[in-house]
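A.B. asks: Found this in TrEMBL, in case it helps:
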DOMAIN    58-88  domain '4Fe-4S ferredoxin-type'
BINDING   68, 71, 74, 118  [4Fe-4S] cluster 1 binding site
BINDING   78, 108, 111, 114  [4Fe-4S] cluster 2 binding site
DOMAIN    99-128  domain '4Fe-4S ferredoxin-type'
Ligand code: SF4
Ligand code: SF4
């Protein structure tokens, strides 16, 4: 345990405080010329690595169709009950598609469980960390905001293939 010096115990220089102030200023000056570790956001954007977990998005294939087969596993596993999926039948080979797929971004805690459980690699965590809402309704993202072309998500998909067990 450290004991505080009383004023009467201080030396002459310690009572002046000036040496300590000068020491502090020297440290400030030294730090000023060191390379910056902070970013001037939003002018400078952070480019996250593939391991980053930004907002969850739906993978859109090159033919414009979503990869999701509306199995509902992501919705089941979501601890925040943020996902709502409504399945419907389709003529396509996958037979079922999400007629409605919504994520309430006010609820999402970016845990990545939906991505982990998806059998189709149809929902992945993107690099998007900029989320601004004007009201509660605009925080509910439908397919129009969730679908992202597969080529924009390729490094995350490659990362998952490498590390997902
Ligand atoms: S990241 Fe987690 S909280 Fe967000 S939608 Fe997926 S499972 Fe739910
Ligand atoms: S995103 Fe994946 S887990 Fe969720 S409903 Fe679609 S296929 Fe199933």
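Note that Cβ sites are derived from N, Cα and C of the backbone, with glycine treated the same way.
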A.B. asks: Output, ordered by sequence, the same-chain residues six or more apart from residue 114 ([4Fe-4S] cluster 2 binding site) with a CB under 8 Å from its CB, or 'none'.
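C.D. replies: Looking at Cβ-Cβ distances below 8 Å from residue 114 ([4Fe-4S] cluster 2 binding site), excluding near sequence neighbours, one finds 56, 74, 75, 77, 78, 83, 123.
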A.B. asks: Which binding-site residues out of 68, 108, 118 lie by ligand 1, going by a Cβ under 6 Å?
C.D. replies: 108
A.B. asks: Where the criterion is a Cβ under 6 Å from an atom of ligand 2, which of the binding-site residues 71, 74, 78 meet it?
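C.D. replies: Checking each Cβ against ligand 2, the ones under 6 Å are 71, 74.
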A.B. asks: How many other Cβ atoms are found within 10 Å of the Cβ atom of residue 78 ([4Fe-4S] cluster 2 binding site), counting all protein chains shown?
C.D. replies: 21
A.B. asks: Provide, as an integer number of angstrom, the distance between the C-alpha atoms of residue 111 ([4Fe-4S] cluster 2 binding site) and residue 68 ([4Fe-4S] cluster 1 binding site).
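C.D. replies: Distance (Cα to Cα, whole Å): 19 Å.
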A.B. asks: Between the Cα atoms of residue 71 ([4Fe-4S] cluster 1 binding site) and residue 108 ([4Fe-4S] cluster 2 binding site), find the distance and write it as a whole number of Å.
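C.D. replies: Residue 71 ([4Fe-4S] cluster 1 binding site) to residue 108 ([4Fe-4S] cluster 2 binding site), Cα-Cα distance: 19 Å.
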A.B. asks: Apart from 78, 108, 111, 114, which residues in this chain have a Cβ no more than 8 Å from the mean position of the Cβ atoms of those residues at the [4Fe-4S] cluster 2 site?
C.D. replies: 56, 74, 77, 79, 80, 82, 83, 103, 109, 110, 112, 113
A.B. asks: So if I draw a 10 Å sphere around the Cβ of residue 71 ([4Fe-4S] cluster 1 binding site), how many other Cβ atoms end up inside it?
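C.D. replies: The answer is 17.
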A.B. asks: With every protein chain in view, what's the tally of Cβ atoms within 10 Å of the Cβ of residue 108 ([4Fe-4S] cluster 2 binding site), excluding that atom itself?
C.D. replies: 18
A.B. asks: Sorted by position, what residues of the same chain at least six away from residue 118 ([4Fe-4S] cluster 1 binding site) have a C-beta under 8 A from it?
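C.D. replies: Non-local contacts for residue 118 ([4Fe-4S] cluster 1 binding site): 73, 74.
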A.B. asks: Whole-number answer please: how many Å between the C-alpha atoms of residue 108 ([4Fe-4S] cluster 2 binding site) and residue 68 ([4Fe-4S] cluster 1 binding site)?
C.D. replies: 19
